[in-house]
Every structure is written in C-alpha cells, then in structure tokens.
C-alpha cells in the first residue's frame, strides 16, 4: 500500500503502484505506467494504460488545495476561439437546502476560477467540430499515443471477434480525428477542465470504465469523495461521475474537478431538483438551464441528460415489475405526468446543445427507462426511449456536439446482444455506455460480479465504456474498499472484452503474466496483476517466507506435485527426444513457425502412420 | 451467521440459513429450502434448490463422529444386485509417506464400514445400466422432484436461448431415466456412499457447481477440510472434490465422505503418486488399480481419470507458453515420456471401467492438456485430447458406465463457444464439466471473477457443471471465506446460465427478489439473496437502525430522491389518468394481457395520432 499523503487536510493516496514507475511518452508526454520485470527473465518492461494522473508520480507535488496543473490550458487558448468572462455568482441553493447537513459543511475550494472560459460568439469549441473541419487537436494526438500502448510488444498475429468494429493495427492521430468526426468516439474535454488528460470513448478504442462517487443526503463528506476519486483512478477508472445529492453539491464538485486528471460526468437534474426543494413538479427550464451553466463553468466534461423520457412512454413503464429505477428518469416521468406535458428536456434539446458546444461538454444521453430487473429487460418502454435517443443523437450531431448513449441495467445473458445491436442501429454507432448489465437479480452483495459478467459480454459486443457496480449496489453507499473492488472488477471485464475483440495490445499483459507464472517469477506475477497488493497478500497468507517468492512451487500443491515444475521437466525431456517439434520448444516461437511445425508434424504422423500417432492423426480429419 | 456446533471435536456450521426453513417434498421426501416472505406481500414462500443436507435441518442431530444417515442404503439393497465383502486392508502408504506431517496426524474415522458393497459377479450397478434397461430408480425419482423446483410458481411464458438443449416444461422420472440412458446426464452415486442425496449433472437440468477442498503437503488439516465441505454445501456446492495430497489422504477422505450429503469426486492419481514417493515414473497399473479399489470402497462418487494424455500429444504441449498445468496431466505426461510408452490409463481403460461399474462410480474424464493461459487456449494439444476423451466416452458407454468430460481452464471470450461445440460433437453430449474458464490472466486475487465471467457463458452454452475458482487461485490454498466467495460466485454464474437457457424455474427467484426490492421489503430482499448475511450486513453499514429495514428509501439516494418511491407515485398517478394501460398496471398482469394491452395502446396512438403519442407511434415503424 502506498502512503496517505498526511500533510493535506484532505488525505489521498499517492506514490507509485508497486513494481512500476511513471513514464511520459511521445511529444505530447503521454503518461503511462511501466512495470519492470526480473532481469533474469530477459523480458522488456511492460507498459500499461495509466489513468492515475500525477498522484502516482513521485516527481509531482500534490496540493489538493491548489488543484492539479492545467495540462490543456495552452492547447485551448492556442486555438483562439475562447474568451474569459465573469463567472456566474454562486447562489446558496447551489449547495442545496434539504435535510440536515451531516457533513459539517464543506469549505469552498480555495482556488476557484473566477473567470471561466466559453466559446466566443458564433464559435463551436467541441472536439467533434474541429474533427469535422479536418483539424487534428493536441487532444487527439494525446489519445492516439495513449491507445497505441504496447503494440510494439505484440508477440503474434492477433485473433479476435470484434463483431464488426474497425480496430486499427496502429492508432494514428488521423484515425482518432476520423472516429470523432463521424461520432463513433468522443473525447470528453470541457474547456474549463484543463487538468484532464485526454482519453477517448469509442468502440474502436480500448474499452473504458467509469466509477461513480458522490455525497448523498444521508451520508458521506467531501474529503471522503475526493479521496475516493483519487483512489478509483489509481486502480483504473477512466472517468468519474459525481452523483452527489443533498447538501454541498456545488463545492464538493469543485474540489473533485480541480483535482481530477480524468473527465468528470454529472447528472445536472439532481442538483436542479435540490434547488426546488426536491419537488419534481416545480422544476423549470430556467432552473435547469442555470444549473447547466453553473456546472459548465466548473468544468464538468459530460452531462447525463434524460431527454428520452417522453410523456407517451411513461404509461409503458407503469406496468413493469420494477417501474422506473433511474433517478433522473423517475424525476422527469413525474414532471411529465404532473404537467401532462412533454419533457422540457426533449422540447429544449437544441437549446441544451447550444450550451454544450460553447464549453465542449459531451452528452451522455441517459436511459431513464432502463429496466430495473431481469423481468423488465428489453421491454417496450426501454426500446421506445432508445430510438428517441437515436433521434436526439442526430440532432446533437447537427451542431457537432459529442454524444454517448447510456444503456442498461438488468439484462439476462440471452438478451444482452439485442441491446448492443439496437443501439448501433438506432444511434448511428455513437459510443454505448452501459451500467453492467446485471445478469441476475439474486445476488445483492455480489452485484459487482453479476454485473461484471454482463459488462464483459456487452463490452465485447461493442460497448465503449462500462459503468462500474460495487458490492454495495442496491444496499448502500460504497466505501473506499468497495470502490477498489468495483474498479478492479470492471477493469478485468473491460480487458477481457479487449482480448475477445482482438485489440492488438491487449494480450501483451496476459502473456507477460502467464510467462512469469510458468517461470515462477512470483514478484513479476504480482506486479503485472491489476492489484499487486492483494495478489501478494493472498500468496503470503500461506507462504509468508521471502524464499517462497522465488520458490518453484506454491501452497496449492506443494514442492512434489507442482504441475508447472513437472511440465518444465517434460519440456526439457521432450527437447532431448528427436521429435519434429524440437525446434518449436522455445516459448517465443512465432505463430508462423508453430504452424509450419504443426503441418510438418502431421506429415510425419501420416508417413510413419505408427500406432503411437494415430490419435494425433485422427485429428487431421476434424 | 449460524452457530458453530461446539460439542463436536470437528466444528461445522449448522442451523438454517436465515429466513428459510427445510422442507421435504414428494414421496421421496426431497429436501428443499423454503424462504417465507413478509405476510404484507401476499406472496407465497419461495422454494430454492438445497444442497446443504441435514446440517441446515434443526430437527436433525449432527454427529461428525458417526457420519450422516444412509438415505440410499435401502434403495441399493432393494435392487438385490450387490453383495457385502471384506474391505481391502488399509496400508500405511494409503496415508502418504512424504514430507513432515504438519497436521499432527489424522485419527481414523471411528465408524468405518468394514464390509463395503460391490456388484455381484456379472452385475452392473450403474444408474446408466438401470436406465438403459428401462428401470426408473428411486435416485431418478428424487432427481426429478428436485429439478422441478418452483415450476408451479412461474409467472409467465419462459424465454431463453438454450443453444439446442432440450429442457422440458416439467421433469418426469421418465425424462431423467431417458437422459441418463443416452448419456446426456449422470447421477454420481457410488453404492458405498449411501449418505448422498441424488442429483443430476446434465445439459437439460439446472447448471451445477463443484467446490474443491483438500489437504496439501504444506497446509491444512482434516477438521478444516470437513468444515470447508459442510460450509461449501451450505452456500450451494452441488458436488465436492477432495483434492488432498501429502499425508493422511485416506483418513481425511473417509471423514469427508461419511459426512457428505453431496457426491464426492477425487483424482486417484494424486494418491497413487504419494504411494510411489512422488516419482511419476514409478507409477504402475497395479498401484493405480489398488488405489481405485481403495477409494471405491470408501464411496467416492466420481473419479477424474486423465486417460486422454497420450504419448503423441505430449510434444504438442511442449511448445506452449505454459505447458501442462493439470497436475494429473503433467504426471502422466512425465510417465509417458520416461517410459516412451502409451499411457497405462489409456491402455487399461476398459479394465478401469470394469471397476467403475461394480460400484457405480462415474468417470470425470480429465483434461490433462487444458490450456494454462490465454495464449494456449484452444490449441492442438487441447483438442487432440478432447477427441480422445470422446472416443473413451463411447468405450465407457459400451459398459453402461456414466461419464462426464472435464474442460478448460483459460479461454478468452471469443474462443469459449468453440470449446462447447467441439465437446458436444466429440463426446456425444456427455455432460461437460469446466474449470471456469478464466477470460483473462491479469487479475490474480480476482480469479473467481475472471473465471465466473467465462463460467456463466459456457454454462449458458451447455456446460452441465462449473468447477469453482476462489480468489486464492494461482496464489494459495482457499480458506473458509474464500470457499464461500467461490461458491456464491459460481452459484450466481450457474443461475445466470439457467436464466439465459430459459430454465422454467430459474426466474421465479429473480422475480420474487425484484418485487421485494421495488416494494422496499428489505428483509425479503436479504433472505431471497444467495448470501443473506452479507446483504444485510452491507445494508446496515450505512443504515443500521431497525427502522431502515422497512424504510421506503436507502442510503444510496436518501428519502427525497428514491427513484423506486417516485416510480410508485408515477404508477399511482398513471393509474388515475385514463390511459388504456390502466388495466395492466398490476405487476402480476400476464404476458398475454400485457401484449393485448400494447396492441390496443398502439391502436389508440394511431387513431388519435395526437402529437403526444408521436414518439410511441414512430416506434411502430422500427
């Protein structure tokens, strides 16, 4: 475990993840994590995608009170299409008026930006707008370098089934530009969040994961939330959503954004509802609009907008087993029914888009009617909304505003692919961003797993970002440990999806770890894993001695029985025999050689036709 | 948590799982667990499959020293085809000779059977033999009752994609007989393990899970292993494999079998190897045969036999990234190379089968060449062995001996289905029994999840039993907590597979829990979950007050924001409007009604054509 940076009022975990160091690659100085292996292995260091920001860089000074350095400020100003202006004044209701303040109050962030940025009159500062005009931004260059990760270490031809995605051999800045231009990927990057390290969400890039944090009316406080944000990106969260409700929403968000190197998303309707005392019927376009501006100026990178919850769909949800389980969705449904009017989010969608493009905020079109149970999966209400989100996607694209689409939720395995297929069809390949889905409802306390199963599958089918679920889902607010378990679970699900899609760089890490395992390089095995601390701790529970870290056995079988050990003896033994496979014994034999070898061997089988080889010979006919 | 039964030298967990009671159903008195719901709900109790045996029955007296009552003894004797005889004498080497004895010695089980049973000369006592002669055994009747679980509570027409399985609406004893007769299902039931409650493993039955326990040369002791066995079946393990190595193998196994209500599997080659001081080359057919008899008399229900590791396949494995990772496989590979002879397991296969049918022991044909890494998945060595296992399956069936086939291992998602398809083709639909598979290698410490993802998918595709993986996989021996996490993870994966296959009874529990969740029946939600203790504990971490158990909100959103609460208001509100959907608001509206309702509603949409309904109207065209 790294140390808690104790000199800060708000303590966060800093220091490198064990066995690895921060490196900066390319002319955009893209941050990556490099894991060096035991010299004995003769293996090169393994580079892995790094979402942790400066917090894992020993050379960086972390000051939560000041916030992170503005990596992108220069790039943004350099484009000459933005202007500074006096920020909207913070109102008391921005920090909520409801219920007792259990947090003991949240101090305002000391270093608030007084003059935020927005597009000059008539300008559009979205990455999609630049992309469509053929401009490759520094953000796109950064993404290209970041996504190419480790392709140079690829051992062999890549296999996989990407279900029609178009994953390139090598990611060029031009490829990134093209994906963003056609709406197939987004780079969430509010011009007022220059601290963020550019990342892409799209079907042809690495599958990303999101971690949710935030205060609620009954629990949590700002220090804990900032700590959770830093903790979640340490373990691999690509974006973080601040889902705070109740008190201190504005100030909590400021602390989070100023200290976040990853894009931050929110659901503005939550704060708007706080401003009207929690009474949905009293929501108005003016209050909502004012909230969008407030959050735009703070630097929120994407907004969840539930504009697909239309009046006519509400009755469809009314007959469900579990009705409407999306908070935003239920709020808008209530508003629609109360006024018997079409949703103001739907009616005012183009006005919202006007705001988005002035700050380059991406839409995350919310699935307010997602199913809340296996029983309700893939029903009429859900798909009615999905096709409306497709219609809204095209409207946002008309103004060059970036869009991703939120998806379910609770879906049994045999109904998962239909979600992906319909989304691709309805939303013109705009990135899909799903919550799980959970593949069964019977395991509260283990919903990081019930949903990790669904997430790995829908990620494989083409979902671009997976919203994590923690063990506390449906039961309570996640604590620090839950956040880590949720992030690691989703990281492995996303990686499994990348492997299955045939992402060129994905298998490098698996191969390195497998090889370390086979060669009993225990430390390398720990360091290459998603959670080195837990891996080593589990190993040491049975064999704590230092010597065991280099022992050619483990506690599972003991010294005499180790299959790996025997298997190595078998390899040496076989090497002595004169088998045609001899020359392919080296673990790093290329795929081509191996295939040549197979052909040659079966030729020998046929010639000799000796009984010994019958079994293998038979296989020729399959 | 239930109490530890302290009056026993060997402590095991007894007492009912919270919120449920043991019931016995039908004329075979099949044990099931019944979860009663809050009276307010007006819902019937939910019956769930129960693997826990007498340990969760308050009316049963548990005496580990005496073992469990002999449920099947009468049935077995009643068939008149078995005879008692003097048991083989236990030799010192049966309990191992290797290494220091860390367990402090294991006392012999006090109540050892002196005169075991075997088939009379010329008789065959396998369930498959009876089935093929048209006999429906009490075991088959028990299985039918057990598998029908809850079908009477099914809410609606079942959907699902079973990939060509033949899951019946209702399971009759005749259906069970037919499945066993054609080898598509097995009922592991050694006549010397009369304590076991009959269960079936087959593609057309509920997906089962296995838990591994056992001493190793460097850790564990018999008390801990018996406790783990009882603990694993409490949470849902359908069978348990005793993978003990090192010392005290014979006595440890006796304690486990005598106290196990579920079938016990072993890998006899482990003990045989102990008998020759761990030197694979010194293994002989005579020593192996003697070990089979020894374990047959003790009552082992299925043997893992690695007869598919043939001499010609060994070189194929030698060029792998991780060689041979199966212990049994590596032992046999070493033997084959050392003698440059074909495996004696392969050569003597029919002699082994002779022994199996005299006790009704099922084959679990081991995949000694399964891949040990993502890199090695679906390679030539693996499939060469699989087709040999198919050939051996047919040879076993010629003597009416029950067979299941073991499968991988480490397989990326896009290569999982090929494993199932080839197994069905090669092995004539004999039940498939897989270890995971893990879908990535980069998460040691989380391999219950990396493998749970693969297990859910291959279970959906048709695998009949999933061998659990615990968080300690690749790192150490699982402790009690690891066993529980492994079992619950695999239980939810198996259930997700049943749901996706469209098992008629599977969705009953999901629906009951979802409904309880929507109606804020927190206790019902906990009790219906796979792990009520953890669910309640997580909930109480944020809202410990008793009142919170009935509160119409939780700590995630707090009182004002609860989407479920708002959603219920929406439902009431919608009910007041005169929407054509009115009559379908009740959650228990049948699917037929709901469909009629949809049709009717869209008719109204078209007639009125009112702007309000445009959105819904548009959907008609999609």
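The chain as shown is numbered from 1 upward.
Heads up, the Cβ atoms here are built off N, Cα and C, so glycines get one too.
TrEMBL entries are annotated by machine, without manual review.
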Same-site residue for substrate (record: TrEMBL; known: B:212, B:241, B:270, B:326, B:327, B:328, B:367, B:368, B:369, B:370, B:406, B:433; options: B:306, B:474, B:495): B:306
Chain A, Cβ under 8 Å: which of the binding-site residues B:212, B:326, B:368, B:370, B:433 qualify: B:326
Cα-Cα distance linking residue B:326 (substrate binding site) and residue B:474 (Zn(2+) binding site), given in Å to the nearest integer: 12
Cα separation, residue B:410 (Zn(2+) binding site) to residue B:270 (substrate binding site) (Å, whole number): 22
Annotated substrate contacts B:212, B:241, B:270, B:306, B:326, B:327, B:328, B:367, B:368, B:369, B:370, B:406, B:433, maximal Cα-Cα distance (Å, integer): 20
Residue B:562 ([4Fe-4S] cluster binding site) and residue B:368 (substrate binding site), distance between Cα atoms, whole Å: 53
Densest Cβ neighbourhood among B:370, B:474 (binding-site residues), 10 Å radius: B:370
For the binding-site residues B:212, B:326, the one whose C-beta sees the most other C-beta atoms within 10 angstroms: B:326
Neighbourhood of residue B:328 (substrate binding site) by C-beta distance under 8 A, where only residues 6 or more apart in the same chain count: B:267, B:269, B:270, B:304, B:306, B:309, B:366, B:368
Using Cα positions only, nearest of the binding-site residues to residue B:410 (Zn(2+) binding site) (B:212, B:326, B:370, B:433, B:562): B:370
Sparsest-packed among the binding-site residues, when each Cβ's other Cβ atoms within 10 Å are tallied, from B:270, B:433: B:270
For residue B:370 (substrate binding site), the three-state class that DSSP assigns: coil
Alpha-carbon distance [residue B:562 ([4Fe-4S] cluster binding site); residue B:370 (substrate binding site)] in Å: 49
